[in-house]
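Database features (TrEMBL):
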type: ACT_SITE; residues: Lys40; note: active site, proton acceptor
type: MOD_RES; residues: Lys40; note: N6-(pyridoxal phosphate)lysine
type: BINDING; residues: Arg138, Met315; note: substrate binding site
type: DOMAIN; residues: 246-374; note: domain 'Alanine racemase C-terminal'
type: ACT_SITE; residues: Tyr267; note: active site, proton acceptor
Amino acid sequence: MLTKAPSLTWAEVDLEAIAANTRAVKRWVGDRVEVIAVVKANAYGHGAVPVARAALSAGASRLAVHRIAEGIALRRAGLEAPILVMAPLLPEEAPEAVRWGLTPTLSMPEAAQALSAAARAAGRILPVHVEVDTGMGRAGLLPAEVLPFLRALQDMDGLSLEGLYTHFATADESDPSFAMRQLRRFEEVIGTLEAAGIRIPLRHAANSAATMRFRAAHFEAVRPGLALYGMRPSREWDPPFPLRPALTLKSRVIRVWTLAPGESVGYGRTFVAHREARMALVPIGYGDGYLRVLSNRGAVLIRGQRAPIRGRVSMDQIVVEVTGIPEVRVGDEVVILGRQGSEEIRAEDLAEWAGTINYEITTLISPRVPRLYRSGETLRPEGAPAEAAPSPFAIP
Ligand SMILES: Cc1ncc(COP(=O)(O)O)c(C=O)c1O
């Protein structure tokens, strides 16, 4: 039983799993291909700074985030690796991008000019990347726009064109044909640039799925997120190397009671007991990122067994049925996501129950849930010194 918990509900992130997954990706792509660790959205909910450190120590050489503010947070924490910001840069963001030495993605002339001016004013040369929209239909320049844009960039001081990239829309799907079409379009753009005498040192395209499936998409760097967290890109095929899920979401039982026949649980009375049932209250709800759509659908692990959710998920709590686990007591540890004994609930399971994707399951874990970082047997909050002993969060 848990005697000193950090909070009613908390997440444990296994940094050795992040490192092992990063090493597995690095082994898969080989020495000549760089790994850009995608740590946007708080590293898919795992905590950007500790995850970035673990990935860099295990073979990643660069980081990628979506927004300037995410890059600044990593710099403030002392991370010095190159940080690619994948959102198209806005002109007004240029001074901050230069000040924090971030690597912006450029796709409009006004932003390029503003960045050039900011870099010149600071006496710096800033590496930049350009994204090509080969079929994702989201961000980036269309293939025909790339050459004129890069020609214009060549005339701007303070900028150095380091990278060209694209992003796949369907790399996770069994049918590779659209991904291959995107790859061909990307290669055509590269061919056009080379014919015009423009060589780009760092070309990258592959998310986790494409890293695993399409060697031709590795170029000089791959850009995985999901795989680093030990999550699977697809239900349709198995990853070619083992992945270790890095995040466990835990809570504990705070009430146990008997529900009489005819009595109900929660808002809307969506669960009514037909016979006497033992119920347990667990303090996790949609305010923690536990999706309300899991009402009457999800399950948790207590004493190594599955306990189904009864009634609606509230903001702060759920009720689970423990009739089949009579030993359950107040204080028992509850695993919402992760392994307990021989049972496991993966992000992929929660995603299936909720009709969504594993990315959303971990990314939505809210700031109210403290993250603790596991290294061997020790668990500590972000930033706590390694020698802090004994940890107030130790689980006896
Ligand atoms: C542009 C870009 N590159 C790379 C990634 C990483 O993808 P994944 O987590 O599937 O590996 C993402 C994630 O959504 C992305 O938006």
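Cβ coordinates come from backbone N, Cα and C, glycine included.
Whatever TrEMBL says is automated annotation, not expert-curated.
Mapped onto this structure are the features recorded in TrEMBL.
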residue : record                       : Cβ contacts under 8 Å, 6 or more apart
Lys40   : active site, proton acceptor : Ala48, Ala64, Val65, His66, Arg67, Glu70, Met86, Gly225
Arg138  : substrate binding site       : His167
Tyr267  : active site, proton acceptor : Gly311, Arg312, Ser314
Met315  : substrate binding site       : Gly285, Tyr286, Gly287
Query: Given the model, what does the mean pLDDT over the domain 'Alanine racemase C-terminal' (246-374) come out as?
result: 98
- request: Take the domain 'Alanine racemase C-terminal' (246-374) and count its residues per DSSP category (helix H/G/I, strand E/B, coil), listing them in that order.
  value: 23 helix, 50 strand, 56 coil
